[in-house]
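The domain 'Alcohol dehydrogenase-like N-terminal' annotation in TrEMBL covers 34-162. Among the features that TrEMBL reports, domain 'Alcohol dehydrogenase-like C-terminal' is placed at 202-335.
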């Protein structure tokens, strides 16, 4: 492309500080350095994790360009890049896969050492590729997709099928994969089992889809917002309940509903109290509970160790336990083969300039993923 090797000026949604709205600014995006890829963003989703930064629940440097769930086209590549080329359709990966560290080499690992979940805000060489009004602007989780162009390390990008619709498969960059993988990879849901999903946002719906794909015979959705029940049933839940409908603890309600046979629970909210509720709700001896929702930073959890002593398994997962560069292209191929439907996860489609409105919809409970 004619822009290769040059600084690109484009529009981006810059967050100058926490608890402030996004500001649409003209930024400068530097060319990719060695082992880096510059991407033109075609579509990006809004995820609760982005909102955690705005609210101060997740650490970040400022100013920053958020966004980590997108589809794009490779505009140019730096020296030494071999896995993608200009013109390739790609998904940027907030969870890199370097294929060299211990987590990448272990068949059960996926939390690559190059992950930026602590808010460093820079690429592998320790610098940023964004500037705005003469100031450096930081990256977010190796991706930064709330911009027309971004730069990522080669380990943070996956080539996908050229025919994939960008406004749908961008969800595979985070929300869908996180939920679906939590069921099929981390939880390892078995056919015929009973599963319970706490939180019916976009990721929770994706967990339900994963449980259904794995052959669960009963899938119970839980949320305070009953408006979410219809969509949960549409993607595979067999029933939905609200904790408000009973004065009993939710674990007791579920035990009575299922004859004390909940094999798997998934906490997809990121609240400490619901993490404990989810753990207590799976079978005391053979149940597995998976923490899917990102917990608030700098918070400690207190629980009764007897919940684990009796035999329960308590697990966490990032990106559903999936290996990003390996599994994202496979999921896109499965989507194109109609193995699952992403339309149910899309509630609104907005132009980029309305990004603040998108977050208002997210916080009002009217949207799951955008």
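Here the Cβ of each residue, glycine as well, is placed from N, Cα and C on the backbone.
In TrEMBL, annotation is done automatically, which means it is predicted and not curated.
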Reported mean pLDDT - the domain 'Alcohol dehydrogenase-like C-terminal' (202-335): 95
Counts of helix, strand and coil residues, the domain 'Alcohol dehydrogenase-like N-terminal' (34-162), according to DSSP: 15 helix, 38 strand, 76 coil
